[in-house]
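Per Swiss-Prot, substrate binding site is recorded for T62, C63, N64, R65, S122, E127, G128, Q129, Q133. Feature annotation from Swiss-Prot assigns active site, nucleophile to C63; the stated evidence is similarity to another entry. Swiss-Prot lists H112 with the feature site 'Important for activity', giving similarity to another entry as the kind of evidence. The NADP(+) binding site feature in Swiss-Prot is assigned to G204, A205, G206, K207, M208, G209; the stated evidence is similarity to another entry.
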Amino acid sequence: QFKISADRYIKEKSSIAVIGLSVHTAPVDMREKLAVAEELWPRAISELTSLNHIEEAAVLSTCNRMEIYVVALSWNRGIREVVDWMSKKSGIPASELREHLFMLRDSGATRHLFEVSAGLDSLVLGEGQILAQVKQVVRNGQNSGGLGKNIDRMFKDAITAGKRARCETNISAGAVSVSSAAVELAMMKLPKSECLSARMLLIGAGKMGKLVVKHLIAKGCKKVVVVNRSVERVDAIREEMKDIEIVYRPLTEMYEAAADADVVFTSTASESLLFTKEHAEALPPISLAMGGVRLFVDISVPRNVGACLSQVEHARVYNVDDLKEVVEANKEDRVRKAMEAQAIITQELKRFEAWRDSLETVPTIKKLRSYADRIRASELDKCLQKIGEDNLNKKTRRSIEELSTGIVNKLLHGPLQHLRCDGSDSRTLDETLDNMHALNRMFNLDTEKAVLEQKIKAKVEKTQS
């Protein structure tokens, strides 16, 4: 039955695919249902690779995107299994999910990841945080042993592309982050004359929260209240940023702190809402000098502030999707910078595809070496028997063994050179594959079916156990 299954896939090379949604394709209320906390990435990878047609997997989940990268033994079946997994996880029907998902294959999927890493697909062009998040996928995968060789190499090459794009072009010059865009949005909504006197509250002292404080300083703010579960992170921010007064308040005093704030920034990992309509209605009114409206700027995914707060007369809520208003400025300059970075991405893409193409011949190389070594060992044994063990000392025996190994290596050198397709010479992939198929026929290696049979057999046995 495994040979029948292998025959079905023999003409279809395994595909690299990305299935996901981002700030460009789906609203935040859908993205938050699919968000996977970083500590749960290994579990998600384990669940994905247990699917029948998924061989490798990685998860990239941020406030602006949720993307799953896989190596699928079958494109159609693999995609269907991943979409069903996403539907089951989020509770969103697969038919509804498909309206917002994007799906890219092979070079399209790889180029997309490289563009993501370079900050070209970000809401904020060239922002640096996404590169750190791509790096974290690799670190997480290495610690948990969850990444396969294709996905691991693709993400590492994406990091290289992201670094080169920032170093060799001016794409990150003047680039803002989600945190700085949030501060900019708040300043746009406040009365201009009152920006510096507005009472600022930050809930959450993580990486993005720290950046909020940094950009408030850049805007000239002199004081910010920070609510956090523990005081240690707030102390660390206070130690680093001397140009602003930072007042710590524990999580138990969050609503009291909000009552004394004109602008509330939220940036926590909480999976439940911190502020609902009822909370906003219970807060005291804001002075008319401040516009009479309390601003909630929520850069968390899942969201910390309910959208229903905007139904409250004296409250307005903005989430990550609303930051587009800030970053749409200088659109022409953004396009020009992106074009400069695309040339670098194309170079890195060619290198990765050459490496992946070269993997097709690896099973043939292993089979040919094994075949040659079996013949060498058999003939060596016959030779040693004819000579007789009594007539051989250790040095002579070792010399004969080295001679046989050397002859085999010399004979294999030419054929193996013609199985290389790593971009180091002018040989095309088609030429290399023709050589591979010729060797398969000449030596009856039958490599492709053997490899596919092993993969399918392992998958079937895993699901049946």
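Backbone N, Cα and C atoms are what each Cβ position is placed from, and that goes for glycine too.
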Recorded positions compared (H112, K207) - the one with the fewest other Cβ atoms within 10 Å: K207
Chain-internal residues, separated by at least six, CB under 8 A from S122 (substrate binding site): N64, V116, I130
Distance, C63 (active site, nucleophile) to M208 (NADP(+) binding site) (CA atoms, angstrom): 11
Rounded distance in angstrom between the Cα atoms of C63 (active site, nucleophile) and Q133 (substrate binding site): 11
Residues that sit under 8 angstroms from A205 (NADP(+) binding site) by C-beta distance, when 6+ apart in the chain: V226, N228, R233, V234, I237
Other CB atoms, at most 10 A from the CB of N64 (substrate binding site): 25
Least buried by Cβ count (within 10 Å) of the binding-site residues G128, G204, G209: G128
Local Cβ density at C63 (active site, nucleophile) - other Cβ atoms counted within 10 Å: 24
For the binding-site residues T62, Q133, the one whose C-beta sees the most other C-beta atoms within 10 angstroms: T62
Number of other Cβ atoms within 10 Å of the Cβ of M208 (NADP(+) binding site) across all protein chains: 20
Assigned element (helix, strand, coil) containing G209 (NADP(+) binding site), judged by DSSP: helix
Maximum Cα-Cα separation (Å), residues T62, C63, N64, R65, S122, E127, G128, Q129, Q133 listed as binding substrate: 15
